Amino acid sequence: MSGFDWSSKKGAASEVYTRDDFDPELQTPEILAPRGAAPTISKEEPGSWMPSTPDGSTRASEANEEKAITDLDFGWRPWKVVMGCFCLIVPSYGLLSSIGLFQTKWEQYQLHGYSKSDISWIISIFGFSGCFFAVPCGILYDRYGPRLLLQVGSTIYVASFIGLAFSTTYGQFMACFVVAGISVTAPTTVGFTVVSQWFKVREGLATGCVTVGSAIGGIFFSLVLQALFNRYEWRTGVLILAGIIMVFMTIGNLLVERNESQQTGAETGDGWDFTALMGMSKSPKFWLICVSIFAYEMVLFSQWGSIPSYAVSTNFGDKQFYLMMTYNFGAIIGRTLPPWLSDRKLGPVNTIIIMNIFTMLVVLVVWLPFGAMAVPALFVVTVLMGVGTGSFVPLGVQCVSGLCTSRTIGTWLGFVYMFSSFATLLGNPATEAILSQHGPRALVAFLAGVLVLGLACMVSLRFVLQGGKWILVQKI
């Protein structure tokens, strides 16, 4: 379901509220009461949509939920789009989740004269560019649809890796990854955004199936990079990598399409306006979700870059490849099971709070005391962190999509991830600096502090969405 399913202990039948029940200008529900009753319309900022009815009932009826499934969630076209989006995420976020192997390769060979912190900036700029430029991609998607945006972005992304194959200096590596980061925002923005226009009740599961491409891609590209770097010289290996990326991007371009009934403003230029942007910027919900995803992206990106370095610093350097594989296996669970629970029982906000607490417990109870003591303990930590941090991306996207309309989801996601781009910029160098200057325990404590920030903001968002009340048992 696109919108959050609000529940209470009292009341009779009420409607299922989805993103399409919203007025495109006010972004508030047009129908907030059962049929025959006077609707209550909130004229607040985007995302301020607490459904309320005259009898106080907000429980969704099973019949309406089944109707919502029938309308959009069934059929081959929605799942074709999911498969296409999956193919877009595998060579983008999937490659990014195994990017630490590039860093260790450069440290040993091409850039062995540079410090780890200097080399980590290349990876950080890649992640930063991939999030920061999501804003123009999101706006273009809302106005004109995904087709041309996807074609141009995919082509430049493949070309950047062809250029990387012929690079030999620090500046050339940096330039190629800047171009790759800017261009990859097109397929990732489309991949995360278009799915929400094809699903309602099963949006969380569908988004999870898309984002699991990151974990599967991480496993796949870890194996591919390991084989290419061991068997071929740099240029040949990276050219083969570019060919693999091109295959995935081509399949994604062929399978992805927009939902015409949902993206009504596409290609006419009517799907976005400045009023929507101003309303979004004034919303406390927007800023709370921004800070939460900022924290989650910092932890997530730090994991991708720091696991190999952490293994080396704790004298387990020969296990770094297997640790990355283990992390991505855990992330497969994190990107599928929590979104499924979100759809069926809990709602995205509740689920992401639970996963935040779970990840904090892993950090404080397992990783901090035992992570540096033995290889088995570090493997347990890695797979559990994969489960916890792996859930943040699909649940975060689902939370954002529930706070906006189908016509402005690209803009909302773009600005949220632009804000979080600074986490990807600072996360890897910060963790490398902490690791080298203060040791592995200080790094773990830093990650725990960032998770506390994310939890505080997400709990505050839940409180605001409940109208300043705290209702413990409520799907939201």
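Each Cβ is built from the backbone N, Cα and C atoms, and glycine gets one as well.
For reference, TrEMBL has these:
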REGION    1-60  region 'Disordered'
COMPBIAS  50-60  compositional bias 'Polar residues'
DOMAIN    80-466  domain 'Major facilitator superfamily (MFS) profile'
TRANSMEM  81-101  transmembrane segment
TRANSMEM  121-141  transmembrane segment
TRANSMEM  148-166  transmembrane segment
TRANSMEM  172-195  transmembrane segment
TRANSMEM  207-228  transmembrane segment
TRANSMEM  234-256  transmembrane segment
TRANSMEM  286-307  transmembrane segment
TRANSMEM  319-337  transmembrane segment
TRANSMEM  349-370  transmembrane segment
TRANSMEM  376-397  transmembrane segment
TRANSMEM  409-430  transmembrane segment
TRANSMEM  442-465  transmembrane segment
Any contact, the transmembrane segment (234-256) to the transmembrane segment (319-337), with at least 3 Cβ pairs under 8 A: no
Within-chain partners of the transmembrane segment (442-465) [C-beta distance under 8 Å, separation at least 6 from its ends]: 4, 50, 284-285, 288-289, 291-292, 294-296, 298-299, 302, 306, 310, 349-350, 352-353, 356-357, 359-360, 363-364, 367-368, 371, 399, 430-431, 434-435, 476
Contact yes or no, the transmembrane segment (207-228) and the transmembrane segment (172-195), 3+ Cβ pairs under 8 Å, gap 6+: yes
Whole-number mean of pLDDT values that fall within the domain 'Major facilitator superfamily (MFS) profile' (80-466): 88
